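Trainee: Structure in structure tokens, see below.
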Amino acid sequence: MSTQTETEIPLRQRVAENPQPALVWAAIGAVLVGVELGAILQVVVAIGGVIVNLVPGDPGAALVTSLQESLKGIPTLVSREFIPNQGYWNGSEWVGTFLGLSPGQAWAVRFVVVYAYAFAVLGWLWDGYKRYRQYYRRADWTPRDDVVNRFRGHTWGQFGLVITIAFVVMAVFAPALGPTTMEQNILQPYDYEINYFDEESQTVETALVGEANIGSGSQGAGDENVAPMTYDDYGRFHPFGTATNGKDLFTQVVFGARISLTIATVAMGIAGIIGLSLAMITAYYKGLADLAIVLASDSIQALPVIMVLILMLVIFQNTWVRDLYDGAVLIILIFSLVYWPFIWRSIRGPAFQVSEQDWIDAAKSFGQTPGQVMRKHMAPYVFSYMLIYASLSLGGIIISVAGLSYLGLGITAPTPEWGRLIADGQQYVASPSWHISLIPGVLITLVVTGLNAFGDGIRDAIDPQADTGDEAAATGGGA
Amino acid sequence: MSRWQYFLRRVLMSIPVVIFGTTITFALIRLGPLDPVSAILGTQYNPQAAEQIRTNLGLNQPLWSQYFDFMYRLFTFQLGQSWVIAPGTTAYELIQVYAPRTIWLGFWSVLIALFVGIPLGFYAGLNPNTLSDYVASFGGIVWRAMPNFWLAIMLVTALSQTGQWTNGFFTWQTWIVKTNVVTPPALGFFQDPIQGFLADPGGWFNSFLKATKQIAPAALVLGSASMGNEMRIGRTAVLETINSNYVETARAKGVSGRSLVWKHIFRNALIPLVPIITGEAFLLLGGSVFVETVFAINGLGWLFFNAAINGDLPLIGTLMYIFILILVGTNILQDFLYTVIDPRVGYEG
């Protein structure tokens, strides 16, 4: 497909000949984008703002801020502003919530809308692929179709996919999913005020969020506990209850999902790039290059991963790298340095196989540079093997990060992290405040199970005979 | 190339690996931003003491000479001493005190994982696609996905509450022998096992039981990941061997069911399990940090963790070296087992 021949009609023309399926698809897409336009533009502007920030002198800072302000006016479907749940009881009705529903119901509505929207978008993308395959693709069949079809027959893998998507949606829509915001409830609780209905005086009072938090912590017995799916004394709804310091657990959990998934995917991505490049180099040049990498990777693999992580986090504890994103950047770097040998190992064999193929010789004799040969003729072949290994290792990274945070070494406050939440509630597991430790642990188990199932599905779909996928990789070095 | 030549080559290859791995450790400790001297002195920093430690540790020497000194000492097993968590105590003494608990923990977690994981996996493989297969497989996958530290916390709580939950019908703490849930195992009876056993067999057996019961929950947690792995691999291996031609042949010539399972399926299905079992060394070392922290077992993982957070860099270097030796040793053991179990090894290059 990549080679352009004389007879090939460009995609644009193929669409023009039979526009109806494409138009229907585009129309649905327009609606889906339209209802979220404000949020999408905000993300774009925020990314623009980061880039502008990098330019010395901040020439466009004012512009970015004014743009962000004006964008807040655009109504978006999946947002706290459109379906607000933070209101108060004034004695006869709820004020400030969506349609006057109780905060819990309003939150539930938003939760459902978020997931419905996310799955609608994914369904739309899938529908687009099917339309392309049916109406516009030149080839009736490509090898990738078999992969897709095999995955469609893999129930276990699909189960994993659904779980994985659920957690990715949680991470992406974290700000809209929480019953309250990070800013208000966790980062600056003393900068915000809330209204609440005071039972004794039967009037609406105001309180700082920080004070309200102190009054609604979960520390075991009776009064000092806000259980999952209940309201605290200040009329705030907590889907997962509160943490020991009274901050909303659900908000922390969804932002914890964000950081866990970010670390896992970015670290795996970097490790994958290193592993893939080295696999290309060793398979192309062989000999000494291979020996050197074998030695380096064997040595790194001989180090106990968790111990190295602990050691490096301690060594870098007072440096600026440690403070970037509350330690996430450093953790990502360490994981990529420690994991690339495993990835390289898993694709070294296939890379060697492909380097012996005739088409590589042909490409060389055509005068293509080594870089071109590796990129165009070798890498695509081994990429799927890397995907298998990487998808099976993601769960292990999530567990390791949680474990390190549990020990107090990983992600530091204020960024919420599942492992730290577990440590927070450790001593209350046997008390009414069992939710603090239990829920994050169950979620980790769930997401890791989902990722492993998804990885199994990918493996069976890409290569039913594959023997790759180190079992130990999926378990996070014992954390 | 014969199997033994192949094995010998693997052993020789591991020497540069140990050297390189130790070098990485040295680089981290000495070139990293953490100054060992201020880490040792902590808040009581004063220039004279710092200078004193610098001289004692040889930090005034040029880097290359420090490096060769570091490597030479480790490779001749002059393991140095702790500077922060137990000042003046040699690493030997520390390891002698802490290692037995970790070995005891590791021993039981390997054993529990083996004797639960493999039979379950083989059972699931021999009865594929039945309800019990699904229950066992799914259970194994979820069991494996649970973070060890979290599982440990949950288990500690559950065991501590058994008395209340069952109204005193079953209380873990008083079951068979009286123990606490969160406690290091009492391994005193190992000091002189034969003498102790001959002198007082009942008492010796009692303390053995006690130490085993103390370690059992931690071992169950630490073995959880391996158990799940062994189950999965065991199941696949049995499924593959069952459908292989030689099993078909054996069945056709009338080999009895029992002999078929044990001689033809079981033995061959063990081969892919070898790397899983030896790979446990990684999980056990890494997991020991978490499990020992939760269960308050002061073993090697706990020692390493405390040495690390207190900045006891000299001790960390030594421990790292020991861990590398253990891991490389396990890899060699794995290749040795391969050469013994699987005659095909070595012929493929």
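Note: Cβ is positioned from N, Cα and C throughout, glycine not excepted.
Per TrEMBL, the features are:
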| type | residues | note |
| --- | --- | --- |
| DOMAIN | A:257-455 | domain 'ABC transmembrane type-1' |
| TRANSMEM | A:22-55 | transmembrane segment |
| TRANSMEM | A:107-126 | transmembrane segment |
| TRANSMEM | A:159-177 | transmembrane segment |
| TRANSMEM | A:259-285 | transmembrane segment |
| TRANSMEM | A:292-316 | transmembrane segment |
| TRANSMEM | A:328-347 | transmembrane segment |
| TRANSMEM | A:382-413 | transmembrane segment |
| TRANSMEM | A:433-454 | transmembrane segment |
Trainee: Establish whether the number of Cβ pairs under 8 Å between the transmembrane segment (A:382-413) and the transmembrane segment (A:259-285) reaches at least three, counting only pairs separated by 6 or more residues.
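Mentor: Result for the transmembrane segment (A:382-413) with the transmembrane segment (A:259-285) is yes.
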Trainee: Where else in the chain does the transmembrane segment (A:259-285) make close Cβ contacts, counting only residues six or more beyond its ends and a cut-off under 8 Å?
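Mentor: Same-chain residues near the transmembrane segment (A:259-285) but 6 or more away: 167-168, 171, 293, 325, 328, 331-333, 335-337, 339-344, 346-348, 351-352, 354-355, 370, 373-375, 378-379, 382-383, 386, 390, 393-395, 397-398, 401-402, 411, 415-418, 447.
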Trainee: What residues in the same chain, six or more past the boundaries of the transmembrane segment (A:292-316), come closer than 8 Å to it by Cβ-Cβ distance?
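Mentor: For the transmembrane segment (A:292-316), the nonlocal Cβ contacts are 278, 281-282, 322, 327, 330-331, 334-335, 337-338, 340-342, 344-345, 400, 403-404, 407, 409-410, 477-479.
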Trainee: So which residues does the transmembrane segment (A:107-126) touch in its own chain, when a touch means Cβ under 8 Å and the partner is 6 or more beyond its ends?
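Mentor: Same-chain contacts beyond the flanks: 25, 28-29, 32, 35-36, 77-78, 80, 83, 85, 98, 101, 165-166, 169, 172-173, 176-177, 179, 237, 239.
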